[in-house]
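**Q** I am attaching a structure below and will ask some questions about it afterwards.
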Amino acid sequence: MLVVFPLTLAEPGMAARHRWLYWGLLLLLVLGLSCVAIVLLAVYQTTGSTPKPDEQEIKTHGTHDPTTASHAPITHPTRYQDNPISLVRLTDADTTVKELGCCAATKDDPIRLRLMVHLTDANATVAMLLPLLSGFFNSSKLPSSGLELLDFDDLGIMREVKSRLCEQHADILDLMLDDFLVMSKAQPDKNDVATAATAATGPAGHDSSQQQSGAADPEEAKQWHLEAIGAASAWAITRGLPDVIVAVVDNGVDLYHPDIRPNIWINQREMDGKAGIDDDDNGGNARHVLPSPNGHASTQDSISPVSSTCTASPSAFVPVTDSVPVSGVGQSPDRLCIPGFEARCGGDPNPFPAPSGTYDGLNNRDHGTHVAGLVGAVRGNGMGGSGMAPNVKIMALKALDNMGDVYASNVMVAYDYALRMGAHVVSCSFGPKYPILQPNSEQLAAAAQEVRLYEQAVRPMAQKGVLLVASAGNELTNLDVVRDVNMSYLPCTLDLPNVVCVAASNSDNQIYSELGRDNKPKGTNTGPTTVHIAAPGSDIYSTVLGSNATGAYGYKTGSSMAAAILSGAAALVLSVLGAADGNFYQAARARSLLLETGDPRPGLPVITGRTLNVGRAVQAAAEHNRMVLQPMAVDVAVQSSVLLRGLTDSYFHLPPATAAAIAAAAASDSTATGPATTNGSVAAVSPVAAGPSSLLGLLPFGGSVRNASTCFSSFKYVGEDVMVAVRGHLKLPEAGQYGVRLATASPLARLAVTVGQRQLIWQAVTGGVREAVLLAPQPGWYVFELLYANSAQSLELSWALPSSPHTFDSLPDGYLGTGSMTLSTAPAHAPASLPVPGAVPSGFQVLWQPVMQGSTNGSWDGGFLATLDAKRFYPYSSIVEDVSYTSSGALAGALAGARAGGGGSTSMTAAGGALYGLALAHIRAPAAPEQLLQFQVTCSFCSLYVGDMLVLEVLDPANPATGPLKPHLSSCLTLGPTASTPGPVPQSAPAAGARLTTATYPLQLRFATPNASVSTLVLQWAPCNSPLADFAPLAPLLAGGLWYREPAPQPAAAAGGGNGTTVPAAATSTPPPPSMQCDAWDSSAIVIPIPGTVVALPRPEEVAPAYSFRLPSPNTSGLTSCQYWPICSRRPSGSNLTFQIADLYPALRRSSEPLYVRCWAWWSSSFRGGLLAVWSSDSLYTAVYVAGQRVGAGRDRRECAGNMAQTSCYQNYRLAAYQVFYSVAYNSQLIANRQPLAPNTTSLAGGYRQLLVLEWHGVKSFAQLAVMDGSVDSEQSNATLLVANMFAPTA
């Protein structure tokens, strides 16, 4: 409150005598009145006065600025701007905002007075629908997407407009959102500032507008990513064309940077226009003359970039009463900056980065400059480094305001401008501030609206053929989890065929992650089904803000850099694809080439499993029209662990829209002779146009295998929404031109054939036959793929070799097959030899599950077999000598008889009904490594896998009860390279059994039967093409190592055998003493896994352990029942499996070095009831193996400690741990219980022992380690596993 004391001047001379008091009080009065005026003005602005813009973008009818807004509910944190732009915060009086129920905000959320609307009637506008309110808002309609942007000065008016649209025009109201904050600040990439201000070398004042002067770029050696992705190979073909435009949607670009300036896109239609005026009415404010760095106008550099915000000072805003109708779709929008109020949006566009000192000190103002340099910095100008596409043009679109925030309307306007002004690639290095993993209902609803908004803006780009490259983000998050909770991470997770989402890789070609300065892990986001590919993004050197004369350069890290590099790579590919006809709008083809030509990286958590290789992508684009094939980098015959003379079928469900489009194209053009393309964009609907990339993002629902024939028929699944991908490897023995002839009654719109990454283009010949020509640059192996939608018709491919170009025939034997590049090896935890003399590897472990009566009638679905593997739970486990059950009741008798010792009558009953399961074994290659094998299987419903490859599937409809089943033969195959080779057999055999080879191949026979009592199940082998009579059991091939059978007792040795032979002494009947072998490695011998995974520990014979000991040991001790944990007493372990390594190695008691421990033994028992718990007072990274299964695994409870999303935390791990084990509880003081997958009942009848392996990962020497038997409660000390019925031979 301002109090003014009156001053009486009645007395003469009063003013003269007290003039200082008089003038002081007068000054105080003036200041008080000024304060009142300021307060009133602030109140007026808060309730809907003049918004103050920060930056600038396009001009159309109404207020244009899309910088600051939020929708409801706000899914990401927002912030106030220094100069608020029509932004208000709801007070206690504004509690009725939710009553509209239509895109309303919640109390205390900041509200941006901008509304985004889409109407289904393309000719309608909000001003037309609400004419009485049209004078109180300004509007602009984006021509490409039809989105209408409405700007208000009063929250009440905006509410009224929303209410009336919802109530009166809901029939055409497709979408309505408050403008919302997409992200706060630029992507949180890491800035390495050590060289961020390094000036480019070169002559002072060097004018880099003379591009490609020939001088070497001195900083290019710091750009390791160029060599990693094969840039030199790409540049040998093209450095890009100036006709190709890459729009960089970011926080502004330093247009004066000498390495960027020559490649800035110029709007030629405004070259002669008026400064600050949108002369071509394209929605972009333009400056027709760009001032030179010294302050004088430069007549040669006329640039018209667009920014998405305003920078001019505010002026009074009044409601528009003479509103001009908004232009329709296809025309340029009216100006937002109406005559007389140009200052509201400013007359000077400013696509430069924010002024220094903004972003709250965040050192990321040069983010857009760094990105632009990676895309298209000049090469060969003697300064700095090089961009990926040094000859293309960069369209600078500023979508971030001066506080580093991105609002949705900015992005929508930028997309619209980029599309209308001719951009071919749009680079988006932004995304949400963080992913939401536990959304509430409001956030889910808002996310759905956000996705629809983005789709509305990006779909027109897809239809035109514009590629959008999005960064995956930098929160070290699996975006599959975000998608699984129905949230989005935009624009990365947009499910549109022109969108590529890219993660960041490091110099080791692995996913970028590191430990930050705050000791917290950080890195790029990934997603095996959401992120497409990885590209370099760690310590990337490029342009940054600095001296205008020489430029500056520095390092940044993050997925933003990866997106920029891939955007430049896409520009190179498009430069080649469109060089002939000028059509650079080929998003589908460019996307396919970029994704499919990448370098395979096993285990890389992205859709393709690849990192970018621009050299191969550009080469593939160059050879596209000439049909030059891309050979494989390896010799499949030499490098394959399993080489099958057959092809694999994978079946996919197509999205309804795709299936309908293909069906319509097939119906309307059944005689097409070439690709049904229009402009190379994704609008082409047939697989011929879309190529192999049409399956990206889809997961197969079924599979099968077929012989290596080019006559394709009898597909397992057929339907309008079913696409089959037939894949394999094609051997072409000579270089030259090959002819391919296609004979089918199917329309071409349903199929596509790709050889060597080249999709065949068919030309019609006589008789309805089509032919294609391809060129093999060298002899070798090439990838083969047939995509076939609704494969009801058979088709045949015949080939003409270079030596006989006019003779078409089937391929010779051995020219077509499928190789597995996964190196095969025995499990790392398997011992090097069997434990006793005379023991030999033998038998199969059969895991099976009875089916409840009435739950099946024997009509098993063909895809069911693909779900059976050793990683799931089976209640029964039996080890049997052979899989050869031909007579009635043999299979049921083997399973039930084997169970008699442990399962009783219950098992007998279970084995006699419907059941499913799998028989496990490990096999070795025959004596002659090049020998071809063939398997014979007799069953009604089964599949055979060798390694990771399906080699035979039988779906026989015959009823086994009516007669014998027909045997089925697999394709021939060879067993090849392994991860390691067997060591030499010692001259004097130790007192142990046969030495085992590590060159083994896992084999699985998966089966199901409606009635095991009458089922036949036989597995045999023979050399390829042998008579059926020569097929025999697999005993000679069995490699063992996970179980074995005790040798039968032999008679005593006979002296003087008469023929010089000696009979071995009788095997002792005395059981060996209980024992278990333990080995421990320190971290120097272990490849430390990423969080949430359990690494495979090495073999002792390959990597010597740091510590070895045997259990039981008199020196070990365990805990008593810890009712008041952690105050517990200790007692000797005895035969209980509980110990501390420090008990055995006291010197380690003070060591904090993490250890990796494996204890193993041969076991003649099993876990009681299949229940077990693994205890560690330090870590829960554990693994438990029994025979052929990993029955338990765990993670460190500390991974999830303090995590607000405990459920998601454990769910993420279950995926990493193959879902064999999961935490069922969490307590801050107790270690989480786990759910094991050990069988409830195990039979080892016949003298079998199985291997038991226990592993603890990353434990300290003083940690208490224990295993509980028959219980999942790790606190029950009386349930400790006993080292009984176990033994491990001494070395």
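Placement of Cβ uses the backbone N, Cα and C atoms for every residue, glycine included.
Got these off TrEMBL a minute ago, pasting:
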type: TRANSMEM; residues: 20-44; note: transmembrane segment
type: REGION; residues: 48-80; note: region 'Disordered'
type: COMPBIAS; residues: 52-64; note: compositional bias 'Basic and acidic residues'
type: REGION; residues: 198-221; note: region 'Disordered'
type: DOMAIN; residues: 243-598; note: domain 'Peptidase S8/S53'
type: ACT_SITE; residues: Asp250; note: active site, charge relay system
type: REGION; residues: 275-308; note: region 'Disordered'
type: COMPBIAS; residues: 295-308; note: compositional bias 'Polar residues'
type: ACT_SITE; residues: His367; note: active site, charge relay system
type: ACT_SITE; residues: Ser560; note: active site, charge relay system
type: REGION; residues: 1052-1074; note: region 'Disordered'
**Q** Let me check the 10 A CB neighbour count of Ser560 (active site, charge relay system). How many other CB atoms are there?
**A** 33
**Q** So what's the average pLDDT for the domain 'Peptidase S8/S53' (243-598)?
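**A** So the average pLDDT across the domain 'Peptidase S8/S53' (243-598) works out to 77.
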**Q** Compute the C-alpha separation of His367 (active site, charge relay system) from Ser560 (active site, charge relay system), stating it in Å without decimals.
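**A** Given the Cα positions, His367 (active site, charge relay system) is 9 Å from Ser560 (active site, charge relay system).
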**Q** Please report how many Å separate the Cα atom of Ser560 (active site, charge relay system) from that of Asp250 (active site, charge relay system), as a whole number.
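**A** Per the Cα atoms, Ser560 (active site, charge relay system) and Asp250 (active site, charge relay system) stand 10 Å apart.
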**Q** For a quick check of packing: other C-beta atoms within 10 Å of the C-beta of Asp250 (active site, charge relay system), how many?
**A** 29
